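What follows is a set of notes on a single structure, which appears directly below.
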Amino acid sequence: MNCSISGEVPEEPVVSKKSGLLYEKRLIERHIADYGKCPVTGDALAVDDIVPVKTGKIVKPRSLTAASIPGMLGMFQNEWDALMLSNFALEKQLHTARQELSHALYQHDAACRVIARLKKERDEARSLLAQAERQVPLPASTATANVSALSNGKRAPEDEDMGPGSKRTRPGVSESTIAELTECNAALSQQRKKRQIPPTLAPIDALERYTQLSSHPLHKTNKPGIISIDINLSKDIVATGGIDSSAVIFDRTSGVILSTLSGHSKKVSSVKFVAPSNVILSGSADKTVRIWQGSEDGNYDCKHILKDHSAEVQAVTVHATNNYFVTASLDSTWCFYDLSSGLCLTQVEDTSNSMGYTSAAFHPDGLILGTGTTESTVRIWDVKSRGNVANFDGHTGAVTAISFSENGYFLATAAHDGVKLWDLRKLKNFRSFELYDQDTPTNSVDFDHGGSYLAIAGSDVRIYQVGSVKAEWNCIKTLPDLSGTGKATCVKFGSDAKYLAVGSLDRNLRIFGLPEEDASTES
């Protein structure tokens, strides 16, 4: 007989005095403890109302699946399938463990190499310092005051009489400077009217086949993250600014680091080439801007340390003349500098902007400056008069990046809510891209030098074909973020859009483009 609850042959059978039904002892006792009544009739039932039944030893019958050859074959097949699945899971775990071990060994080897290189540089620096002290013995107070940034073994001159953000007299922008800016604007505007798309520009089908060509670990492992990029198009050299407080100069063609610019005490938020004069500008969260002069041996020496801001420097942008540049800071000011002397000609304060600037860029013609603020506004400035001539509202969150198109008509701005395109002729927004979720900001935008493509960086990198105010801007390629951090922080087109340089929150610079065989076919 079977149990009235489980329907199986009971191991310890008991019978109810009241209903005469047979139960498994442990099941009916648990039911009585929970409910106090018979599970079948619903009458009140106590433990004293059940009587054990003495029986011979019960041999449970085999299940139906094991009672025939087909059933047993099915059981064997199920066991085999379970064994194969378990074996596959173990092999997958083994493969993952091997990959993690290989990665750990690679990191250990890289760390050993970095430590060895740092020790060598430390010993060289100590040797140079000892040699200098032997040649020119300095008093202790003077030696302490003169400790400044070292780059490639040479000290940088530093204005010690004025602290960061100190109020000082500005000479102002002279008439000759304004005439130079106006003349440059007229020449570039005239050239732009005759502008044609260069025949060497990468075609759309080439960009559709872009893939990662290389990855280069340029910055330190203890503070990973590349947050700014610029490219010297004539020499194919890439500059990166990192969270590790250094800027790295990298030769893309040879894959060699040419120089590491050390001296900033906090993250390098912006780097810019001044190509004709072999100069690099770097702006940092340490409130300073540094001017680095390149030499024939490939080293860069710090010529000037500029301390005109009282908060983090967020952006550096170079004028088309290559003689002037502008810096923008969280102190709600932007400074206009003479490059050769490192002198701040004027510092413009925005009293309506209480939170400061997060991005800045010159218009290609040089008489318009665009700045992005922490308060979601894009401000357009007349460089000659230093007046705010237009404001673009509509973003959510800080404006993280600004890029003017080479055609002179379009402005792309990035913020937490995505990318907006503005028509500078009518001063209005004509298209918006909301690409990512609300927790993922858009970090960077960049038009290529020909003004034909727009790159956008966020949780991935997307390349759009530039259209017009009415024509669509089509996404022609989406490149995944291969850093594993989920954030591509900066992006920059190479010459003729033949490749794309991408920085992210790991320490690697990634180059995307056509594989060599495809590139040779295209050419």
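If you go along the chain as it appears here, the first residue is 1 and each next one adds 1.
Each Cβ is built from the backbone N, Cα and C atoms, and glycine gets one as well.
TrEMBL has this to say about the protein:
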type	residues	note
COMPBIAS	141-151	compositional bias 'Polar residues'
DOMAIN	1-70	domain 'U-box'
REGION	139-173	region 'Disordered'
REPEAT	261-293	repeat 'WD'
REPEAT	306-347	repeat 'WD'
REPEAT	350-391	repeat 'WD'
REPEAT	392-432	repeat 'WD'
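Residues 148-151, 156, 164-165, 225, 227-235, 237, 239-249, 300-318, 322, 325, 327, 329, 337, 339, 342 of the same chain lie 6+ residues outside the repeat 'WD' (261-293) yet bring a C-beta within less than 8 angstroms of a C-beta in it. In the predicted model, residues of the repeat 'WD' (392-432) average a pLDDT of 91.
Proximity of distant same-chain residues to the repeat 'WD' (350-391), defined by a Cβ-Cβ separation under 8 Å and at least 6 residues beyond the stretch ends, is recorded for 173, 178, 181-182, 184-185, 188-189, 192, 311-312, 314-321, 326-334, 336, 397-406, 408, 411, 413, 415, 422, 424, 427.
Within the repeat 'WD' (392-432), the DSSP-based counts of helix, strand and coil residues read 0 helix, 22 strand, 19 coil.
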